[in-house]
Amino acid sequence: MLNASLSPSSTELVINVLTMVLNEGKPLDRAYSHHFSGLKLAPSEQARITTVAGDLLRRLNLYCYLADMAPADIERLGSRLLNAWHMFHGLELPKLPYTLTIEQNDFDQRLAQAKLDLPLFDGCPEWLDELGTAQMGSLWPAERAALAMAPQRFLRTNLLKCQPEELQQKLAREGVQTQRVDGVDTALQVISDSALFRTDSFKAGLFEQQDAGSQQVAAAVNAKPGMRVIDACAGAGGKTLSIAAQMQGKGRLLAMDVEQWKLDSLKQRARRGGAHNIETRLIASSKTIKRLKLTADRVLLDVPCSGLGVLKRNPDAKWRDTPERLPVLVQLQKDILQSYSRMVKVDGILIYATCSIMPQENRQQVDAFLAANPHFSFMDDETISVAESGFDGFYLARMQRITE
Ligand SMILES: C[S@@+](CC[C@H](N)C(=O)[O-])C[C@H]1O[C@@H](n2cnc3c(N)ncnc32)[C@H](O)[C@@H]1O
C-alpha cells in the first residue's frame with residue numbers, strides 16, 4: 001500500500017476529500033478535482049493521497065469499526081479514522097497538530113473481531129453482501145474480496161496511431177513504466193506512479209486510459225473495416241474508440257447516447273485519437289432508433305447498470321447506492337435490449353454488455369430476451385470475474401439476428 005505515513009497536509013487532504021464524498025454526497029473524482037485544483041502536488045504525492053482515500057472508501061465500514069466511529073462523523077473524527085488506517089497498515093501515525101488516538105489494545109481487539117466477520121473485513125455493506133450472496137452464491141466471497149483491492153491502471157494502445165511495443169518505449173522515455181497484459185493485446189498496465197495525461201504520448205492520442213476488462217468487451221464487437229456499427233449507449237466513447245480502431249477508420253460508426261455532453265466529450269477524444277469515421281447522434285426519442293431499423297452489422301448495447309463490477313475504481317458508489325436502484329436498472333436494460341435490437345440487420349450481431357457481475361443484469365436478461373425474440377440466436381457470453389482477472393468486472397453476450 002504505502003511504505004511511509006502520510007504527511008500532515010496530505011492527511012488533511014484525505015479527510016477533506018472523504019468529507020465531501022460522505023457528507024456532501026459528491027462523487028470521488030469530483031472531490032479530488034475540487035481539492036487538488038490550485039495545489040502543486042507532485043504526481044507521486046497525489047498518487048499516495050488517492051491510494052489512501054480509495055482504500056479508506058473500499059473498506060470504509062472496516063476502518064470505521066476499527067476507529068469506533070460512524071462514517072458521518074468524518075469531519076469531527078477524521079484524524080481517528082486516519083490513525084486507524086495507519087495502524088492497520090503498520091505505519092507510524094501521521095504527525096497532525098491535533099489528533100484523536102486509539103488505544104493499541106482496543107485496536108487489536110477490534111481487529112481480531114473484524115477478521116471473524118468477512119463481509120466487514122472486505123468492506124462490504126450489508127445490502128450488497130445479501131445481494132451478492134443471493135445472486136452469485138459460492139462465487140460471491142472471492143468477488144467480494146477482490147472488489148476490496150486497489151484497481152490497477154491500464155492503457156489501451158490506439159492502434160490507429162501506433163503499436164503497443166512502440167507506445168511502451170515512448171512512454172518509458174517519458175518516465176512511465178508499463179508492462180504487457182496477457183490475453184489483452186491492446187492493453188498496457190502502468191506500473192509507475194507517473195502522471196499520464198501530461199505526457200506527449202497522451203496529447204498525441206497514442207493511448208486512452210481504459211480498464212483491460214473494458215478493452216476485452218470492446219474486442220468482442222469484432223468490427224471489420226467497411227461495416228456499419230452502432231454503439232448505442234456510447235457515453236464518452238471508451239468502447240467506441242476501440243471499435244473505431246478495429247475498423248481501421250473505414251466504414252460507419254454511429255455513437256449514440258441520451259446525454260449530449262457525453263457525446264461532446266467523445267467527439268473531442270475521437271479527434272485526439274484520429275478516429276475519423278465516428279458520427280454522434282443524440283437519442284431524442286424512440287424515433288431515432290426506429291429510423292435505424294435493420295441497418296447495422298454490429299450493435300453494441302453497453303447498457304446503464306449497477307456498476308457493481310467496477311467498485312474497486314468507484315468505491316464511493318457502495319456508500320451512496322441502495323438495493324432499490326437495481327430493479328429500476330433491470331427494467332431499463334430490458335427495454336433498451338428489446339427496442340435497440342431492432343437496429344441489427346439479418347446476420348448482424350448484437351453485443352449486450354454491463355459493468356456488473358450480477359446474473360440478474362447479465363445472463364438472466366439475455367435469456368429473457370432470447371425467449372421473447374426467437375429471431376435472435378445465442379452465440380456466446382462471458383463474465384469477466386474481478387477475482388480471476390484482476391481487472392474490473394464485466395459481462396458480455398453475443399447474439400445473431402437470424403431473420404427479420
Ligand atoms: C455503461 S455507460 C456506457 C459506457 C461507455 N460505453 C464506455 O465504454 O465508456 C451507459 C451509458 O448509457 C447511457 N444511457 C442511459 N440511458 C440510455 C438510453 N435509454 N439509451 C441510450 N443510452 C442510455 C448513459 O448516459 C451512459 O452513458
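Glycine too: its Cβ is placed from the backbone N, Cα and C atoms.
In TrEMBL this protein carries:
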| type | residues | note |
| --- | --- | --- |
| DOMAIN | 143-404 | domain 'SAM-dependent MTase RsmB/NOP-type' |
| BINDING | ASP257, ASP302 | S-adenosyl-L-methionine binding site |
| ACT_SITE | CYS355 | active site, nucleophile |
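Feature map: TrEMBL annotations on the structure.
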residue: ASP257; record: S-adenosyl-L-methionine binding site; Cβ within 10 Å: 21
residue: ASP302; record: S-adenosyl-L-methionine binding site; Cβ within 10 Å: 24
residue: CYS355; record: active site, nucleophile; Cβ within 10 Å: 26
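Of the recorded residues, CYS355 (active site, nucleophile) and ASP302 (S-adenosyl-L-methionine binding site) place their C-alpha atoms 8 Å from one another. Regional average pLDDT for the domain 'SAM-dependent MTase RsmB/NOP-type' (143-404) in the model is 97.
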